[in-house]
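Features reported for this protein in Swiss-Prot:
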- 70, 103, 166: Zn(2+) 1 binding site (BINDING)
- 72: active site (ACT_SITE)
- 103, 138, 352: Zn(2+) 2 binding site (BINDING)
- 137: active site, proton acceptor (ACT_SITE)
């Protein structure tokens with residue numbers, strides 16, 4: 001069968017054609033639900049405010065294997081810089097182009113195709129298969145996976161293993177899987193001063209001057225050494241805003257946004273304590289608020305990682321490398337329930353970029369990997 005005609009390719013194209021810029025779903029979940037319903041899944045839409053979610057399940061017993069993913073995509077950017085229209089899926093030289101091709105409509109299609117093939121071969125499989133799909137992963141992540149998990153937890157419905165379809169691969173399909181993620185903590189700091197004329201500094205109090213030594217020291221602090229699973233905790237200033245835009249006005253306040261990506265060697269509470277102690281040491285007048293974006297998690301050796309290793313080896317012929325580097329995913333909302341979480345998806349070289357694309361043959365291989373994982377865990 002030509003690669004252009006793979007079932008996974010056709011479904012990926014159908015999903016890309018729906019311009020589901022976050023938090024829109026644009027019918028993607030309905031398309032998936034129709035396919036899953038036809039093979040015995042119970043479909044439960046969960047709509048929270050502007051976000052469309054879907055919980056689909058086949059089976060009533062444990063263990064529960066869950067495919068997790070998102071139908072929303074990031075904005076296209078300058079459309080004139082795309083080789084082809086971003087929501088007109090187009091195959092060129094063996095690559096499928098379109099917004100969401102790699103992140104993550106290709107993975108969603110591979111999940112559905114793998115499940116259809118698995119159920120056809122194993123209609124009486126062990127346990128249950130589930131899909132947790134949201135349209136809020138690329139946005140503020142308020143009404144998406146976290147709300148679905150809250151609903152499941154309230155009725156004591158547990159996930160045993162979760163496979164998130166985020167584009168984990170770097171150079172070739174399956175060379176890297178993510179078996180954990182660092183925690184993420186954001187600080188929003190306002191350093192207060194007194195606004196005034198730059199010619200009369202004795203009548204004002206410049207918050208930028210006051211904050212500069214603090215920020216310099218904060219940016220050079222050593223937080224931890226990491227461990228065998230996680231790199232050392234990192235700190236980055238993301239935004240600094242102060243002033244009126246005029247050259248003759250001392251600002252009355254300085255706003256700073258910063259972020260920690262932290263290992264299991266520290267906790268959010270420890271980071272907060274150290275930052276606020278430094279603020280006090282510099283005798284700053286300030287307000288600060290904190291946003292907890294997710295706890296660090298790790299899935300070590302066990303059935304899920306073993307099954308994934310076997311699948312990638314069987315389909316691609318090489319060994320995978322479990323890593324915890326990179327950004328956050330919705331896996332951070334699933335892991336605290338006790339589920340084992342892993343991420344496996346396409347090559348991530350073009351995600352969020354102009355001319356996002358995925359290798360068509362990789363989609364077929366990804367579907368095969370997902371199917372083997374199901375066989376390893378539920379047969």
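Note that Cβ sites are derived from N, Cα and C of the backbone, with glycine treated the same way.
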Whole-number Å value for how far residue 138 (Zn(2+) 2 binding site) lies from the residue listed as 'active site' (Cα to Cα): 7
Residue 70 (Zn(2+) 1 binding site): secondary structure state under DSSP, collapsed to three categories: strand
Secondary structure at residue 166 (Zn(2+) 1 binding site), reduced by DSSP to three states: coil
Integer Cα-Cα distance in angstrom, residue 166 (Zn(2+) 1 binding site) to residue 138 (Zn(2+) 2 binding site): 12
Rounded inter-Cα distance in Å - residue 103 (Zn(2+) 1 binding site), the residue listed as 'active site, proton acceptor': 11
Under 8 Å by Cβ from residue 138 (Zn(2+) 2 binding site), counting only residues of that chain that are 6 or more apart: 22, 70, 72, 73, 74
Cα-Cα distance linking residue 352 (Zn(2+) 2 binding site) and residue 137 (active site, proton acceptor), given in Å to the nearest integer: 13
In the chain carrying residue 352 (Zn(2+) 2 binding site), residues 6 or more apart in sequence that have Cβ under 8 angstroms from it: 74, 103
Output field, Zn(2+) 1 shell: CB within 8 Å of site CB centroid, site 70, 103, 166 dropped: 69, 104, 107, 137, 138, 164, 165, 167, 329, 345, 351
Protein Cβ atoms within 10 Å of residue 70 (Zn(2+) 1 binding site), excluding its own: 33
Other C-beta atoms that fall within 10 angstroms of the C-beta of residue 166 (Zn(2+) 1 binding site): 29
The residue listed as 'active site', number of other Cβ atoms within 10 Å: 25
